[in-house]
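> Dumping the structure here so I can ask a few things about it.
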Amino acid sequence: MSQLETFYEVMRRQGITRRSFLKYCSLTAAALGLGPTFAPRIAHAMETKERTPVLWLHGLECTCCSESFIRSAHPLVKDVVLSMISLDYDDTLMASAGHQAEAILEETMQKYKGKYILAVEGNPPLNEDGMFCIVGGKPFLDQLKHAAKDAAAIIAWGSCASWGCVQAARPNPTQAVPIHKVIKDKPIIKVPGCPPIAEVMTGVITYMLTFGKVPELDRQGRPKMFYSQRIHDKCYRRPHFDAGQFVEQWDDEGARKGYCLYKVGCKGPTTYNACSTVRWNEGTSFPIQAGHGCIGCSEDGFWDKGSFYDRLTDINQFGIESNADEIGTTVAGGVGAAIAAHAAVSAIKRAQHKGE
Amino acid sequence: MSRIVAGPFNRVEGDLEITLQTASGKVQSAEVNSPLYRGFERILLGHKPMDALVYTPRICGICSVTQSVASARALADVMNLSMPVNGELCTNLVLANENITDLLTHFYLFFMPDFARDTYADKPWFNDIHSRFKATSGSAAAQMLPARADFLHLMGIMAGKWPHTLSLQPGGVAKAIEPKERMRLLAIVAGFKRFLENTLFGDSLATISQLQSEAELWQWCDEKDWQQSDFRRFLQVARVQELSTLGRGTDHFLSFGAYGLQGQTLWASGSYCQGDNKPLAISQIAEDHSHSWMTNTGSPHPPAQGITQPSLDNEAGYSWCKAPRLANQVVEVGPLARQVVDGHPLIRDLVARSGGNVLSRIVARLLEMALVVQQMELWIKQIDPKAPFCHHGEMPGEARGVGLVEAARGSLGHWLEVKNGKISNYQIIAPTSWNFSPRDNQEQPGALEQAVVGAPVAEGEKTPVSVQHIVRSFDPCMACTVH
């Protein structure tokens, strides 16, 4: 095993100044909710730890996860993370092509056997022996299994890799499955969302690279630091929900006043994600702020729970917290069990999600 | 004759493979394959029509807004609904925001890095281009990425999130713009304009958009040192490498027309071939399955009656992509097609002289950025925060509708049929389905398949660099192509 550079050395080599590096450490500490005293610890870890190689594979997908990550993140954070993971293999961005690229993948896997992190965007289809997604002449399923074999851990980027997402929506013509259905012997960190928020992606990967371990996960395998609260819990329109003030249709008077979007189909009360706190496009906004309800895109099977535009009108009474939560729980229906799991103070430490 | 399978291609959106037959150092013929199929058209069946607004953007995480707009327009068509002016302005702004970031990304991250390859190490321009555009370490990306992220704040404000926004609706937008937000939008566009003028063009957007001919383009280029701006850098490379001789396509162009406002479009719709400019004839669009892994229906069929039934039994099949044709002709779509059809003098002149090729495609792409960003400022100023942003309508039980839009990469159409209040058919033809289609029942190769014929292949090249330039000059989006 050859000696790897430290993260800090890699960053300096890529032209990131020490000042930017320290600023990055502060931003990261804040993003991870760790407080300013953690910044020096992050800096120390990065100065002394060997760089962890990351392989980034794409299956059946729309590339929205990569795009969210590379287009929307804070430029400094993104630069640093990109330089850290060095994109040893990522077919959207890498400099090489074709057979040369395939060779780099093999070389990285051999050289860092058991040490690299495998990041997967998209998922494998099982119908027709995997013919619906061919990478380098072979089914993506084969590439995925091959690359997973010697990985230290796997990150499932987005709802495709985590839950199956749109191509797995009924009737799932290609029989696309989330990666935990085919990889059962590795820790899988699920970062769901369609796509996930850029800052959540950088936060998760930075945590793993900096501290060299998997972040604390909930029972479904999602990092608790970003997926432990419902959109509804921290929604800035929440007071209007509690006051029973609702938008009835787009651009009506209630919409102009910023009322709650629950009656036009908002799934914020049953969706665990960081949209209402971290927000999108460098904290600019999120779907609810742009006048449309949440569709619950980070939840398992969100496609198959009825129309996204069904109006919810069966609310009789509001005004107090317990009722609001009751509404949330009722709506949850199929995911009720998941909510119970969240509500409980989890005893699971560093859960390593293993398939079912 | 020898056979090369080129791929997987990096720096294109999605998966792509091309089988090349080569002889005497040149490509003789090509078969392009999109090796990824998900089945959107089948997943949409039986859903409530409005749900298409949530499903279809997921066809593609890069052109997601254009998919939203096409599906909103198809829905508006079945509902017989029109937008208030504010709705049109906001839709145009969000669409322009995505299209421009796509054009920009293509130039800086996908196209130019090919010239930083070691193959070109002996070229006089190499050192500068290498330090500027080398993938993941070039200095250009460090300037372009923050400018792009800042520019996307417009998307954040108007559409909540990107990709896969939800605010675009058949009758307008869910987000009303307040006066203070309008000021912020102007500031965002002004900031981006500064980046384009200082870094990309090295001149004002007005000057770039008023270039009238190829002669004026080169004259403009030579007014300053070629390292003065990224556009001049590209032109210098294009001149030395003779990119205008590379990747000539069918020279038959199609555009659905772009950026509608009050019954007018900023750019005209239609088709253009050898000086002949025709109005858009939607009824002449049909899709052929002869060489697709789809159930072969025998003859091409219009998308409104289209079916998408994958089948690996078709022995002549080599791609998941169908072959869309306009009046049985192969056409090219994209920024070049849009500007030719609309009649921009610089682009018409370039095409008259040397047709559609790597040079003219890239020039058209950059020119569009200059044209649209100036327009965005005007649109923002026209938003009236007090007027309506969205109209409402009823979904009929039975109806048919079409939604047409121009994505960064070209013409995108959604064909929707509603029966019993549910989606009974949904067919999508994406820009790269046109450009990267396989052969049809008359054995006519698709636009890219024609464009790579004659491309030089050096001894031992596995994925010929000339083919890479041509492929990327179309800016393929494989996620959209087969959906």
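Glycine too: its Cβ is placed from the backbone N, Cα and C atoms.
Annotations for this protein, taken from TrEMBL, read as follows:
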BINDING   A:C62, A:C65, A:C160, A:C194  [4Fe-4S] cluster 1 binding site
BINDING   A:H232, A:C235, A:C260, A:C266  [4Fe-4S] cluster 2 binding site
BINDING   A:C275, A:C294, A:C297  [3Fe-4S] cluster binding site
DOMAIN    A:62-207  domain 'NADH:ubiquinone oxidoreductase-like 20kDa subunit'
DOMAIN    A:227-308  domain 'Cytochrome-c3 hydrogenase C-terminal'
TRANSMEM  A:21-39  transmembrane segment
> In whole Å, note down how far the CA of A:C260 ([4Fe-4S] cluster 2 binding site) lies from the CA of A:C62 ([4Fe-4S] cluster 1 binding site).
31
> Among the binding-site residues listed here, A:C62, A:C194, which has the most company in the form of other Cβ atoms within 10 Å of its Cβ?
A:C62
> Using only C-alpha positions, which one of A:C160, A:C194, A:C260 is spatially nearest A:C275 ([3Fe-4S] cluster binding site)? These are the binding-site residues in the record.
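Closest candidate to A:C275 ([3Fe-4S] cluster binding site), judged by Cα separation, is A:C194.
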> What's the CA to CA span in angstrom from A:C160 ([4Fe-4S] cluster 1 binding site) over to A:C260 ([4Fe-4S] cluster 2 binding site)?
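A Cα-Cα distance of 29 Å.
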> Given the binding-site residues A:C65, A:C160, A:C194, A:C266, which pass a C-beta cutoff of under 8 Å against chain B? Sequence order please.
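In terms of proximity to chain B, the binding-site residues that count are A:C65, A:C194, given in sequence order.
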> Which of these binding-site residues is closest to A:C235 ([4Fe-4S] cluster 2 binding site) if you go by CA atoms: A:C65, A:C194, A:C294, A:C297?
A:C294
> If I take the alpha carbons of A:C297 ([3Fe-4S] cluster binding site) and A:H232 ([4Fe-4S] cluster 2 binding site), what is the distance between them in whole Å?
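Given the Cα positions, A:C297 ([3Fe-4S] cluster binding site) is 14 Å from A:H232 ([4Fe-4S] cluster 2 binding site).
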> As a quick check of your reading of DSSP, tell me how many residues in the domain 'Cytochrome-c3 hydrogenase C-terminal' (A:227-308) are helical, how many are strand and how many are coil.
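Reading the DSSP string over the domain 'Cytochrome-c3 hydrogenase C-terminal' (A:227-308) gives 31 helix, 6 strand, 45 coil.
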> Could you give the mean pLDDT over the domain 'NADH:ubiquinone oxidoreductase-like 20kDa subunit' (A:62-207), rounded to a whole number?
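Averaged over the domain 'NADH:ubiquinone oxidoreductase-like 20kDa subunit' (A:62-207), the predicted model reaches a pLDDT of 83.
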> Per 10 Å Cβ neighbour count, which of the binding-site residues A:C235, A:C275, A:C294 ranks highest?
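Its Cβ has the most other Cβ atoms within 10 Å: A:C294.
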> Could you give the Cα-Cα distance between A:C260 ([4Fe-4S] cluster 2 binding site) and A:C65 ([4Fe-4S] cluster 1 binding site), in whole Å?
28
> Which of the binding-site residues A:C65, A:C194, A:H232, A:C266 has its Cα nearest to the Cα of A:C294 ([3Fe-4S] cluster binding site)?
A:C266
> Calculate the distance in Å between the alpha carbons (Cα) of A:C266 ([4Fe-4S] cluster 2 binding site) and A:C194 ([4Fe-4S] cluster 1 binding site), and round it to a whole number.
16
> Between A:C65, A:C160, A:C266, which of the binding-site residues has its C-beta surrounded by the fewest other C-beta atoms within 10 Å?
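So among A:C65, A:C160, A:C266, the binding-site residues given, the one with the fewest Cβ atoms within 10 Å is A:C266.
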> Cα of A:C65 ([4Fe-4S] cluster 1 binding site) to Cα of A:H232 ([4Fe-4S] cluster 2 binding site): how many Å, rounded?
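Their Cα atoms are separated by 23 Å.
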> To the nearest whole angstrom, state the Cα distance for the pair A:H232 ([4Fe-4S] cluster 2 binding site) and A:C194 ([4Fe-4S] cluster 1 binding site).
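Per the Cα atoms, A:H232 ([4Fe-4S] cluster 2 binding site) and A:C194 ([4Fe-4S] cluster 1 binding site) stand 18 Å apart.
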> At a 10 Å cut-off from the C-beta of A:H232 ([4Fe-4S] cluster 2 binding site), count the other C-beta atoms across all protein chains.
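There are 25 of them.
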